[in-house]
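K.L.:
Supplied in structure tokens, the structure appears directly below.
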Amino acid sequence: MKNKENILITLNQVGIEQYSNIIYNPNYDTLFKEETNKNLKGLERCILTKLQAIAVDTGKFTGRSPKDKYYVRDEKTKNIIWWSDDNNHKSNNHPINNETWKDLKKLIANNLNNKKLFVIDAFCGANKKNRLKVRFITDIAWQAHFFKNMFIEPIEQELNKFLQDFTVFSVPKAINKKWKDHKLNSENFIAINLTENTLLIGGTWYGGEIKKGLFSVMNYILPLKNIASMHCSANEGFKKDVALFFGLSGTGKTTLSTDSKRYLIGDDEHGWCKDGVFNFEGGCYAKTINLSEEKEPEIFNAIKKNAILENVMVLKDSNINFFDGTKTENSRVSYPINHIKNIVKPISQSGHPKNIIFLTADAFGVFPFVSKLSYFQGQYYFLSGFTSKLSGTERGIIDPEPTFSSCFGEAFLSLHPTVYAKILLRYIKYYNSKIFLVNTGWNGKRERYSLEYTRSIINAILDDKIEFIDENYIPIFNLKIPKKIEGVPDLFLDPRNFFSSNEEWIKQATILSKKFIKNFKKFSHTKLGKKLIKFEPKINF
């Protein structure tokens, strides 16, 4: 086994002294044999489906647990992490001390000692100058499979000299019974130590915690190098034109960027440096609720051997009912990016974006279907991050909830939101990227905008077939709207058409405007926030 000595050092650093076996960088056939072993019980065991993908059940953990995310507060991090106890603007980055960290390491070690361990070395980041070498360790075969799907596999020469920058331990059975003594939120934890370069995940089986944990790490490392770290998907046209799609989970990042007419760069997490845009991952993590081959053929056809279906309804004949949300509305599939036919070459890297699209799921129905933003409006809406939390993406979310998520990914930001906004908008200005706001939510009749019409809007943006004039705008928000888009009824372009009267639209728009104004007060103490106040909604128009 390559790197055995280094692996043993890694294990010893957390207190793992004995193991029954180490399976290093297993291939998919080995993982399949391990994860479908009939001796496995409960959430460890996987089911082979008719689509040849395996299906896993993550128990009660069908979404992320943001209240269970922690950073060790020490000399390195105390003055730079955006902490949950920040008086001006609280985050999800809850502090723990070194004593609690040591206890969590012991818990991980106790759960992994004398176990069969799966160890996978991979890259987080397709750009060679800015990637992170990651070692992943778990005792659960399908979690190793998930990591293998989601990150970038080194070639043999790279493995021979692989020394990790960061280590991830994912141990779902490591339940912290001392959580009250540690003053934590629950018995589960996603704990990051940036001094020891280690991420510990315990108590939760949800695969998304693995990828989002490393996303949080990249969100710390890259901005300190003046590189934009972004919660977005990305694709490239036949003319090498790059588009970014920002948005919270469930707003359409994966669906809209996976397009047969364009090449996929990545579906969720990207960096933007002087070389261009690069994906952090080597796989995709798509929502599957109501998935059909007719509406989303690329994603549907990616569900095959080596894919992992998470929390889907498996029928007795091993077929999948993608329309059954009994378990969760947040059912998912993880697959290697090469399951998508149209991907960029070299994989997961491209040039600088021509178009940037903010996806917002407006639950009020007052936002236009599409609008064009000025540079400063782009800063304001990026910092505001208005959208709706959609069903199942976090534990406890059932109906769409209007929310503000700074940078369209507040839960994953390690530093203050203004850090990301300044860096991103610097790149946008330098490379003259255009910014659009697309509403993938609801109209005033509480009807969800259709995927068909949304794709027509995206196509119009990317093909330069959308025109805006200053005189055609939505008041209060001062958002420019087009008069006509091929494939979209004119009625849909002005949100006021879906209200019983203009007064009713104004009433709802005023309610939302007040939420914008209230939310942006958390930036009023910052230099950037003071600069952007004048771009907030105007209630008395």
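Counting starts with 1 at the first residue shown.
Note that Cβ sites are derived from N, Cα and C of the backbone, with glycine treated the same way.
From Swiss-Prot, here are the annotated features:
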type    : residues                                                                                                       : note
BINDING : ARG64, TYR206, LYS212, ARG332                                                                                  : substrate binding site
BINDING : LYS212, HIS231, GLY247, LEU248, SER249, GLY250, THR251, GLY252, LYS253, THR254, THR255, GLU296, ARG332, THR454 : ATP binding site
BINDING : LYS212, HIS231, ASP268                                                                                         : Mn(2+) binding site
K.L.:
Can you name every residue in this chain, apart from LYS212, HIS231, ASP268, with its Cβ inside 8 Å of the center of the Cβ atoms of the recorded Mn(2+) site?
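P.N.:
Filtered neighbour residues, in order: LYS211, PHE215, SER249, GLU269, GLY409, PHE412.
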K.L.:
Please report the DSSP secondary structure of ARG332 (substrate binding site), reduced to three states.
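P.N.:
Note: ARG332 (substrate binding site) is in a strand by DSSP.
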K.L.:
Just report the maximum Cα pair distance in Å for the recorded ATP binders LYS212, HIS231, GLY247, LEU248, SER249, GLY250, THR251, GLY252, LYS253, THR254, THR255, GLU296, ARG332, THR454, no decimals.
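P.N.:
Taking every pair among LYS212, HIS231, GLY247, LEU248, SER249, GLY250, THR251, GLY252, LYS253, THR254, THR255, GLU296, ARG332, THR454, the longest Cα gap is 27 Å.
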K.L.:
Over all pairs in ARG64, TYR206, LYS212, ARG332, the listed substrate binding residues, work out the largest Cα-Cα distance in Å.
P.N.:
14
K.L.:
Run through the Cβ atoms and count how many others sit within 10 Å of the one on LYS212 (substrate binding site).
P.N.:
24
K.L.:
From the Cα of ASP268 (Mn(2+) binding site) across to the Cα of THR251 (ATP binding site), what is the distance in angstrom?
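P.N.:
Given the Cα positions, THR251 (ATP binding site) is 11 Å from ASP268 (Mn(2+) binding site).
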K.L.:
Near HIS231 (Mn(2+) binding site), how many other Cβ atoms are within 10 Å of its Cβ?
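P.N.:
For HIS231 (Mn(2+) binding site), the count of other Cβ atoms within 10 Å is 25.
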K.L.:
Between ASP268 (Mn(2+) binding site) and GLY247 (ATP binding site), how far is it from one CA atom to the other, in Å?
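P.N.:
With the alpha carbons as reference points, the distance is 9 Å.
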K.L.:
Please tell me which one of the binding-site residues listed here (HIS231, GLY247, SER249, LYS253) sits closest to ARG332 (substrate binding site), measuring Cα to Cα?
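P.N.:
Of the binding-site residues HIS231, GLY247, SER249, LYS253, SER249 has its Cα closest to that of ARG332 (substrate binding site).
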K.L.:
Including all protein chains shown, what's the count of other C-beta atoms within 10 A of the C-beta of ARG332 (substrate binding site)?
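P.N.:
There are 27 of them.
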K.L.:
Which residues in the same chain, at least 6 apart in sequence, have a Cβ under 8 Å from the Cβ of THR255 (ATP binding site)?
P.N.:
ALA286, LYS287, GLU296, ILE299, LEU451
K.L.:
Nearest to TYR206 (substrate binding site) by Cα, among HIS231, GLY247, SER249, LYS253 (binding-site residues)?
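P.N.:
Going through HIS231, GLY247, SER249, LYS253 one by one, the closest to TYR206 (substrate binding site) is SER249.
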K.L.:
Near HIS231 (Mn(2+) binding site) in space, meaning Cα within 10 angstroms, which of the binding-site residues do we find among ARG64, GLY247, LYS253?
P.N.:
GLY247, LYS253
K.L.:
If one measures from the C-alpha of GLY247 (ATP binding site) to the C-alpha of LYS212 (substrate binding site), what distance in angstrom results, rounded to a whole number?
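P.N.:
Counting only the Cα atoms, the answer is 14 Å.
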